[in-house]
Amino acid sequence: MSTIVTIPRSVSWKGDAIAVLNQTKLPHSTEYKTLTTIEEVWKSIVMLEVRGAPAIGIVAAFGLALVAKKYTTLHIEEFQKKFNRDCNYLGTSRPTAVNLFWAIDRMRESIQEITTIKEAQKILEEEALLIQQEDEAVCRSIGEHALSCFQDGDNILTICNAGSIATAKYGTALAPFYIGKEKGVHLHAYACETRPVLQGGRLTTWELKQAGIDVTLITDNTAAHAIQTKEINAIIVGADRIVANGDTANKIGTMNLAILAKYFGIPFYVAAPLSTFDITKQTGAEIVIEERDETEVTKIFGKQVTPVGTTVYNPAFDVTPNELITGIITERGIIRGDYKREIASLFEKTS
């Protein structure tokens, strides 16, 4: 029996503006923010108003389509020059999220051979919309493949938010929960709160509750105890960058969960689209890890909670070694075993 599930969206194209669900306001208010300039798009990404690797790529694509409409130049050469400058500018917003650069490169390549400004503007808008539409289909496919890894009644642990509001729709790590709900397969989510910005506590719980999916919130340091006492059957996470050998960058704390999964003998899955793979890098050691402002740790909702002047180390991501990963779930299926060979083979087939 199929069920209609309410699935929130995070990015909408309005033709002359972009509407983004301001995720910094969740769960207390559902506020959509209107972006009309490339600077506002950049700031929205940096400030985590829009977040999640696929969603960042989508909003960046729309941002480039938007700014291209506002160029006043009459010559295509000058248009391309300005466009490349804005591509480079947007690329400075979140250095670890490979989908950002994938979307920027795709937008850039879409108009490489175009000879008129009007045609370039039209193609950029069409390409951005296509990126969003494709991501929705990709996420649904990831959800279908991921659901095959689980059984009705499973308790599944996740971290951060790799859900619908981090993508075009459905999400990656959360996609099987939505697809399962539609198909009558009950999966219970255990969500790590995900310090310091609380994407699990604020966002994952919010969107799953919106859809009527069972979710239990735990503190990050409860994970081992929860696996031990709550019959956690598996762990599933998203990804911000997966390199050629399968090493995976994701929200800080992900590697902790992978180590716990190994110890307790439960599967640890990564769910991500092919656009999250960066096969130009051979191992996780080559991934640049973004470090964020110390106030994310020293303050909670603006209130100082540590002694002033405390030294802080605040990386946004960690890298999980491939040997800790049971399988990488993509829109093309599940990669297992020799990740370097399987990933290379997958990209040979798609090229």
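Even glycines carry a Cβ here, placed using N, Cα and C.
Pulled from Swiss-Prot:
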{"type": "ACT_SITE", "residues": "D240", "note": "active site, proton donor"}
{"type": "BINDING", "residues": "R51, G52, A53, R94, Q199, N250, K251", "note": "substrate binding site"}
{"type": "SITE", "residues": "C160", "note": "site 'Transition state stabilizer'"}
Recorded positions near D240 (active site, proton donor) (Cα-Cα within 10 Å), from G52, C160, Q199: G52
R94 (substrate binding site) - helix vs strand vs coil (DSSP): coil
Cβ packing number for R51 (substrate binding site), 10 Å threshold: 25
Rounded distance in angstrom between the Cα atoms of R94 (substrate binding site) and C160 (site 'Transition state stabilizer'): 16
Distance [Cα-Cα, Å, rounded] between N250 (substrate binding site) and C160 (site 'Transition state stabilizer'): 9
Close in space, distant in sequence - C160 (site 'Transition state stabilizer'), Cβ under 8 Å, 6 or more apart: C192, T194, Q199, G200, T204, V237, G238, N250, K251, G253, T254
Neighbours of R51, G52, A53, R94, Q199, N250, K251 excl. site residues, C-beta within 8 Å of centre, substrate: I56, A97, C160, N161, A162, A166, G238, D240, A316
Listed in sequence order, residues with CB under 8 A of A53 (substrate binding site) and six or more positions away: A97, V98, N99, L100, A166, G238, A239, D240, R241, A272, T276
Cα-Cα distance, maximum over R51, G52, A53, R94, Q199, N250, K251, record's substrate binders, Å: 16
Spatial neighbours of G52 (substrate binding site) that are distant in sequence (at least 6 apart) but have CB under 8 A: S10, N161, A162, G163, I165, A166, T167, G171, G238
